[in-house]
């Protein structure tokens, strides 16, 4: 305690450091005192304050680093992130940059070099283009090139540029519309154009209403008018007889329609090959029975038509006159006359003795099929000139040139009443025509390929068609739609024919070298007539249903008939 009071300065390091050599005696005297145990404690107290002295000396070394912030930041271009200049987040940067570092006229804290400015402009331009493309993708642009040209013209732009393709033109329209949309002018322009179009459409409609007052029609000749009147009178009588007969069958208790149909189908199921004869040196193209079934006419690609005596198929006469291949032959339902069609663009009328009676000229392309009207006064022909024509048999005058098919007309048949005609063609369409008015009353769509055969049923309301899609379709004229679709053959169907008396069965010929018989009740298969070695091109059914004749590209005529036992049952 006394030592501390007497020597308070001994604990101060600053005072200890100022002691000179003269003070050594005083220190020694102090150590000489009786308090010697404290002597080892004093040196540690004095020595440690001297050790940190070197740590105070580094600050002069740090002082030369103070000018480092003087380095100008303008030498380093600002780092851009997404088109924006990065701003400093530290206080040291703000202190270093100072107010003198900001360029005049700029809003940032750094001066922007010319290179940085160009980079920023490029980035802003790319962003604008990207937004423009996004806006353009959302716009509805026409896909039709003519519509694109029209829209460009409406917008006051060139319809096309040199060497510009359709897709490039459409893309140009898209970008123009996007630009107008971005500027807010698209709605205004399109609204104006819509108003102009509406006004133009209304004016056009007014003009059309003023001009077209009556439906379009072609004025016919007096002979055609007389023919239509004659057909109307004939068909009304025939239709009345048919309806009266149907009513009698319905009301008569002795009439069993199902039994008659079953008997007819049984006859058809028992058909066998009765005779096979070579008909010509070239493939045969058509055949037809006479109205009494005693004669058969065939034609071939040689242009020659031959008459055969039934039932032994003995050649009776040869009809020569066509200069090109014959395509079809048909017997008159009233007279002993027959007509032939040829690729020489003419149809010819013959008698059974082989004499040429009349030539029908007028078609512009080769003929396909030929058919007589039930009255026997008129003849119908089809041609590859996309028309079918009606001729007067008596004087050979062309009464009607009927258009309506978009492609070649191939098949033709007349309703048993005589009021309607049905045509089919390579446009996969069948049309029903009213001969009394000249109108197309029904268009039958369903086939997917050309229709080659067509036939009316004697019942008056069924119509059968067959074509290259290998199917036979049965149409109900009352319902105006398909009643049955028969996948009949494995190749195209060249001809279809209903049994001519009551329509109890349907016969189809095909290029799969067969002919098939189908029940008229449910159009199920009854019999397959197989025997030809090539395409079957045509067939015909005798008036009483006794015979079915088929001709083929194998040049053969095949006659199918029932057995003698069934014939005896028929007589009984």
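Cβ atoms are placed via backbone N, Cα and C, with glycine included.
According to TrEMBL:
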type	residues	note
REGION	1-31	region 'Disordered'
COMPBIAS	22-31	compositional bias 'Polar residues'
REGION	70-118	region 'Disordered'
DOMAIN	143-196	domain 'Pre-mRNA processing factor 4 (PRP4)-like'
COILED	179-210	coiled coil
REPEAT	319-351	repeat 'WD'
REPEAT	360-401	repeat 'WD'
REPEAT	402-443	repeat 'WD'
REPEAT	444-485	repeat 'WD'
REPEAT	486-528	repeat 'WD'
REPEAT	529-570	repeat 'WD'
Other parts of the chain folded back onto the repeat 'WD' (319-351), taken as Cβ under 8 Å at six or more residues beyond its ends: 282, 285-291, 295, 297-307, 357-361, 363-372, 374-376, 379, 381, 383, 391, 393, 396, 538
Long-range neighbours of the repeat 'WD' (444-485), counting only residues six or more past its ends (CB under 8 A): 239, 242, 407, 410-417, 420, 422-432, 491-503, 506, 508-510, 518, 520, 522-523
Close approaches to the repeat 'WD' (402-443) from elsewhere in its chain (Cβ under 8 angstroms; 6 or more beyond its ends): 220, 228, 231-232, 234-235, 238-239, 242, 365, 368-375, 380-390, 449-456, 458, 460, 463, 465, 467, 475, 477, 480
Average model confidence [pLDDT] within the repeat 'WD' (319-351): 94
Residue counts (helix, strand, coil, in that order) that DSSP gives for the domain 'Pre-mRNA processing factor 4 (PRP4)-like' (143-196): 39 helix, 0 strand, 15 coil
